[in-house]
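Here's the structure, in structure tokens; my notes come after.
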Amino acid sequence: MSVAMKLFGKTKEGKEAYLFTLLNERGMKAEVTNYGAILVSLHAFSKSGKIKDVVLGYDKLEEYFKNPMMLGATVGRNVNRIEGAKFKIDDVLYELVDNNNGNNIHSDKEHGFHKILWDFHVICDNSVEFYYRSVDGEQGFPGNLDVSVTYSLTNANGLIISYRAISDKKTLINLTNHTYFNLNGHESGSILDTVVTINANQYTPIKKGLIPTGEIATVKNTVFDFEVPKIIGKEIESDCEQLRLAQGYDHNFVLNYQNIGIRKIAEASSESGITMEVYSDQPGLQFYTGNTMKQTVGKGSTVYQKRGGFCMEPHFYPNSINIKHFPSPIFDKGMEFKTTTIYQFV
């Protein structure tokens, strides 16, 4: 096991950003940067023994300055959508930037956590911790928030992402990672042949703007039933209002066995023979199939296209701050937000 560090480039302000390479005993490798606490690459072995980089990203630091698709990004203070770009805590109204047709998405895509230069600490020979203080009022959220994101690579071929945050004021905390996966390799094109399983027998239907209606619906006999392994492309073009609204899958799945800690929540496999299991302690999983991906040049001059990657993002349900019967993302002063996601390659 080892962690290596090298200069990745300089920010617009002239500050140095670093690229950290985590390497395990089997030869699996992950690269992360303290700019945005971003996952830059993740190299896993195919059934033929060839190593493949299975996450979309860029070669150069400056390409992450724009990063409109938020490739590999740590998202905060709140991931996903908030209706009307506003919410209340104890009858105090907080207003966020309107960056999604009257709503808010991913807090602030121009000044969010993925655009911040984080401090860092190499914990041991397999982990690097990024930490940051988000000041009271930043992005429109209350409280000074101390947050850390730790990436660890195990010898069992698991990438562990651990999040911790604590505020000096009652606030909303909902963090995740927005990595796009392609298990045939980041450069291989469409992900529609990927076989996916999601351990959820319910999901949250959406309305215009991809905001949850508040309903919790069964997946049984619908295109959202992934309890049995299914190819992503099997029903993605079905005549279904929910799929039309999102141009594919961009929905929150209500995960089974909530409140028991970390458990297996999903699995994906590809023709390459690479299988990824996802573990989390969160109540929801946003499954996104890259429906609105714009053509962009990524690593190795690869041109990424629509549905060239998929995201599996564990977190609280979208707009849960405004829907009382959804699991609450509100944390009292001094109450720690703590969650772990594991991407396990088998």
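Heads up, the Cβ atoms here are built off N, Cα and C, so glycines get one too.
A TrEMBL annotation is a machine prediction, not a hand-curated record.
What TrEMBL lists as beta-D-galactose binding site is ASN80, ARG81, HIS178, THR179, TYR180, ASP250. If you look up TrEMBL, you'll see HIS178 marked as active site, proton donor. Look at TrEMBL and you will find GLU313 tagged as active site, proton acceptor.
Taking every pair among ASN80, ARG81, HIS178, THR179, TYR180, ASP250, the residues listed as contacting beta-D-galactose, the largest Cα to Cα separation comes to 18 Å. Listed in sequence order, VAL55, LEU56, MET69, LEU71, GLY72, GLY290, MET293, GLY308, GLY309, PHE310, CYS311 are the same-chain residues at least 6 apart in sequence whose CB falls under 8 Å from the CB of TYR180 (beta-D-galactose binding site). Across the structure, ASN80 (beta-D-galactose binding site) and the residue listed as 'active site, proton acceptor' place their CA atoms 10 angstrom apart. Of the recorded residues, THR179 (beta-D-galactose binding site) and GLU313 (active site, proton acceptor) place their C-alpha atoms 8 Å from one another.
Listed in sequence order, ILE206, LEU210, GLN286, PHE287, TYR288, THR289, ASN291 are the same-chain residues six or more apart from ASP250 (beta-D-galactose binding site) with CB atoms under 8 A from its CB. Within 10 Å of the C-beta atom of ARG81 (beta-D-galactose binding site) sit 22 other C-beta atoms, taking all shown protein chains into account. Under the three-state DSSP scheme, TYR180 (beta-D-galactose binding site) falls in the coil class. Cα spacing between GLU313 (active site, proton acceptor) and HIS178 (beta-D-galactose binding site): 6 Å, rounded to the nearest whole number. Counting every protein chain shown, the Cβ of THR179 (beta-D-galactose binding site) has 27 other Cβ atoms within 10 Å. The Cβ neighbour count for HIS178 (beta-D-galactose binding site), using a 10 Å radius and every protein chain shown, is 22. The number of other Cβ atoms within 10 Å of the Cβ belonging to GLU313 (active site, proton acceptor), over all protein chains shown, comes to 21.
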